[in-house]
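Q: Have a look at this one before I ask anything.
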Amino acid sequence: MNIKAGILGVGSYLPTKVLDNFHFEKIMDTSDEWIKTRTGISERRVASDEETTSDLASNSALKAIECANLKPEDIDLIIVATATPDMVFPSTACLVQEKIGATNAAAFDISAACSGFIYGITIAKQFVENEMYKNVLVIGSETLSRALDYNDRSTSILFGDGAGAVVIGNVSSGGILSTHLGSDGKGKDFLSIPAGGSKQPASIHTVENNLHAIHMAGNDVYKFAVRIMGEASLKAIEAANLNKENIDYLIPHQANIRIIEASARRLKLPMDKVYINLHRYGNMSAASIPVALDEAYREGKINKGDNVVLVGFGGGLTWGACVIQWSL
Ligand code: ACO
């Protein structure tokens, strides 16, 4: 039998607490106007003190499994993409495996920052198409609010918490037509959480200097993102033997509205063919794309047979794009 990997179900979960831009006006030298015009963000979600990355991930996973008409026991493999795991180890994927009762699943995390979800579905596609696993759960989940320095106005206003998940398995039509991944370690210092690993283990020094928070060279990341989002999309479209005229919808990583608009221009797609929820959630790193995918599907923006491009970039530097012919 010819196995073609595609999306069997999709789900997402957002914490209920909302922080709007006016909150930041009160605690730092910024304004709603600056944040909205420079980034497109109006508000973001923040996990409660009791909620962890694996909680958000588990909630989104259960919705994706239900959407696929499956049970947690039907899942063979769990891949969690996150830059904010519950802890260094065990993996967040193992914690999810227990929380949702996926008793037959192997589980591991991947680290590719905001590109993690595209990396995850690329891995899942291989496992499904070589018939090692039937149903693979891929989750992007983040609690970035725990990794922010609220004294740094250039990063703390950008990020939010959330999770999105898909089940990848054999589909009878459409599926994941192509994926394209890339990385460039020369850009490692543009975006990082410098401490907490073997290079700079936790110490009073690392805590006092906020080295457990996200550090970013915003302008360098911006220039890289504007270039790579278009390039990566075009590579994935070419690998799917399609042209940009064949693309029905774009689901980009939600980092900055100006980066998204530049990507749409490169693909010659009007903005009504591009999903945007950045204004409501900010940048949720690995969770941005699956949350946007879930919302786009539920709002009827993508329909069976549509060619959908997913594209993201992030710390590493990393990037990834894929073309999915929607099969739900
Ligand atoms: N409020 C008010 N002023 C601010 C703020 C703020 N929140 N943040 C920065 N500024 C100031 C700066 O200090 C600077 O002031 P100066 O000119 O007096 O020095 C001025 O605004 C302009 O700063 P720039 O950094 O040039 O502003 P820019 O227009 O580039 O926007 C931004 C900054 C929004 C961060 C942009 O560079 C960007 O979006 N970069 C991409 C970031 C990104 O996508 N990161 C996520 C990667 S995903 C991952 O892997 C986690």
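Heads up, the Cβ atoms here are built off N, Cα and C, so glycines get one too.
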Q: When TrEMBL marks a stretch as region 'ACP-binding', which of 54-58, 229-233, 254-258 is it?
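A: From TrEMBL, the annotated region 'ACP-binding' range turns out to be 254-258.
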Q: If you count, for each of the active-site residues Cys114, His253, Asn283, the other Cβ atoms lying within 10 Å of its Cβ, which residue has the minimum?
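A: Candidates: the active-site residues Cys114, His253, Asn283. Fewest Cβ atoms within 10 Å: Asn283.
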